[in-house]
Amino acid sequence: MTASGDQGDIENGISLKGIRSLEVDPMSKIPITTITTNGDVLKISKDNSDIKKTSIDVEVPKEQTATEKNDRPGIWKRQVEKTETAIGNFCCRRKKVISLGARIVTLLCYFTYFTYCVCYRYYDEGSYILTVISALIITTIIYDSVISKYVPRALAAVLRCWTTPSSKRFRTVLRYGLYLALFSLTCVYLGVDILSTHPQNAQALGGIAALVVLCFLGSYKPSKINWHPVFWGFILQFLFAVLTLRTVAGFQAFKWIGDKVFEFVRLSDKGTAFVFGDTFKHNTAGFFIDSAGVIVFFNSFLFLMDHLGALEFVVLKIGKVLALCLETGPVESVVAAANIFIGLSEAPLLVRPYLPTVTRSELHAIMTCGFASISGAFMAMFIKAGAPANHLLTASVISAPAGLAISKLMYPEVETVNYDSQSDVKMRDTSEKRNALQAISEGATFSIKLVGSIMVNMLAFVSMMNLVDHLLVWIGARAGVDNMSFDLICSYILYPLSYIMGVPVGDCGKVGSLIGIKMIATPFVAYRDLGKIIQNRLDFEQYTSVANNTWHWSGKDVILDSTNQTLYNGFLSERAEVITTYALCGISAFPAIGFSMGTLIPMSPTRKKDVMSVLIRAFIAGNLANFATAAVAGVLFTPIHT
């Protein structure tokens, strides 16, 4: 092998610098297949054991000009580059150690601050909040470092011992024994603590039974129903509702959380006033402007929490609890948990890679949970409209198990679920590079579509309802019926539904009207009207607290004689307000059918036929889940004044 060029002929060891050509002579004893030049592999043709002579032209580098020589890095620059490279390599090699050290330093700084604050001042609200936050941090650290690593191994070892035939029989006995025990305890609690003191609550208990029977009769395959997720879905609702509606501590805790959420939502007023002026609330479009500010602010906050990983942590943990208790699939459980925080259109995005492989029952559950829940941004908007924050929070949480329970009742699993493909559901693409400011900006930008959709839908459906009311007035007038309207028709048609949810008889018509507005038009209008009715009750109670103040009904309105004030559409009892809050807590209105279809089909075009086949059934199931949640609240609600 020889090389020729500016440096002359070199045998054996070859330097390609300045070489114009490279020749390989045939050598029968030394098999040569490749020659590597600065990382480039030059393949040599060969015939049996002989190598043919091959010439390879090598480009000769040009001589550097004086300018290029002057542009070479100086000593200082080369030293900086070496230092930079060394630091980068060290950080790559010791990445885990550096990350652990940074976390330890951060925790030490935080707990130093916490200790100082506790010593400086305690026994006030801010100190309690700081203590709760610290407890959550410690719990998270213990979970990540101990529980998540060792408990699954221990559970796996226990489960391996339960695979024998005898252990399977024992599990069956234990399972049905647990069903019987929980059902018996529930019946005893209802009989002793509730129905004996508030017999009117039995009205809603019959409503739960009626809704379950209705779902069974309308089920896709009644013979295939797995009653385990149905039973545990209602049990989880019941337990959480007992905590928040029947215990003073739970009621006070959620009322406090609701008040803090309301204060948090009001932080958007500063940004709204900056854009629209300080008098935006007194503007003719004040409701929409106020709602738009809340949605943009809360959506940006959720995007920030998602970027920091907090939203993913909470959603995945709630999803695991639902999957464990209800024995539902990971994908549908995660979507049900995500719908507590994000909306009908955004939640399926989290599980987009899994949509082509989910079963029709899982697809139905994904859609049902979307219809049966509201996003965090909408919840903030409804709180701003006047809905009771503590009950709205409870309704948002228990809508997740309710949606899964009703879904598995309406469309039971008839296919084989591919759990292997769903073993590690993730919400975020960690390879995507972005920072916190970008996340906030993306959240605000995403809100544009949301705000626009709300605006045009409210405009369209309020206008259409006005058109329908005028048509009904004209139709009724032809037959001698005065004041016929959409509200009036809904109040009669949905009167039985309001009654079985536990609404007092005198309020059933008004509640039925609100439910009809929510289903046909949009929950935004229904909650706006409910907020006005709640404010009417508060004004009425304040008015009647003064002696000798008289009032009277004038149609649907209440006239306060002493102040000559009119409370339009009257008011509801506190019990009716609470039940209505739960019944309206879902996005299951007819416009949402288009949103769901327009979200899922582009994500998974191959499932278009399946989406269309279960769409209406999921819409009905979403509404029934809301009514079941309201009935549970009707069973357990008794006024608690603190």
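Using N, Cα and C of the backbone, Cβ positions are placed for all residues, glycine too.
Keep in mind the model is a prediction, meaning the values are calculated, not measured.
Annotated features, as they stand in TrEMBL:
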DOMAIN    207-278  domain 'Concentrative nucleoside transporter N-terminal'
DOMAIN    292-387  domain 'Nucleoside transporter/FeoB GTPase Gate'
DOMAIN    391-634  domain 'Concentrative nucleoside transporter C-terminal'
TRANSMEM  104-123  transmembrane segment
TRANSMEM  129-152  transmembrane segment
TRANSMEM  173-192  transmembrane segment
TRANSMEM  204-220  transmembrane segment
TRANSMEM  232-254  transmembrane segment
TRANSMEM  287-309  transmembrane segment
TRANSMEM  363-383  transmembrane segment
TRANSMEM  454-477  transmembrane segment
TRANSMEM  579-602  transmembrane segment
TRANSMEM  614-637  transmembrane segment
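Segment contact holds for the transmembrane segment (363-383) and the transmembrane segment (579-602), given three or more CB pairs below 8 angstroms at sequence separation of 6 or more. The average pLDDT the prediction assigns to the domain 'Nucleoside transporter/FeoB GTPase Gate' (292-387) is 88. Within the same chain, residues 190, 194, 201, 203-205, 207-208, 211-212, 214-215, 218, 220, 234, 237-238, 241-242, 245-246, 360, 363-364, 367-372, 391, 394-395, 398-399, 402-403, 405-407, 409-411, 497, 500-503, 519, 575, 578-580, 582-588, 592-593, 596-597 sit at least 6 positions outside the transmembrane segment (614-637) and bring their C-beta atoms closer than 8 Å to a C-beta of that stretch. With a threshold of 8 Å between CB atoms, the same-chain residues lying at least 6 positions outside the transmembrane segment (104-123) that come near it are 130-131, 134, 137, 141. Sequence-distant neighbours of the transmembrane segment (204-220) (same chain, 6+ residues past either end, Cβ-Cβ under 8 Å): 190, 195, 230, 234, 406, 409-412, 414, 499-502, 579, 617, 620-621, 624, 627-628, 631-635.
Assigned with DSSP, the residues of the domain 'Nucleoside transporter/FeoB GTPase Gate' (292-387) fall into helix, strand and coil as follows: 76 helix, 0 strand, 20 coil. Helix, strand and coil counts from DSSP across the domain 'Concentrative nucleoside transporter N-terminal' (207-278) read 61 helix, 0 strand, 11 coil. The stretch from 129-152, 173-192, 454-477, 579-602 that makes the most Cβ contacts under 8 Å with the transmembrane segment (287-309) is 454-477. Within the same chain, residues 107, 110-111, 114, 117-118, 313 sit at least 6 positions outside the transmembrane segment (129-152) and bring their C-beta atoms closer than 8 Å to a C-beta of that stretch.
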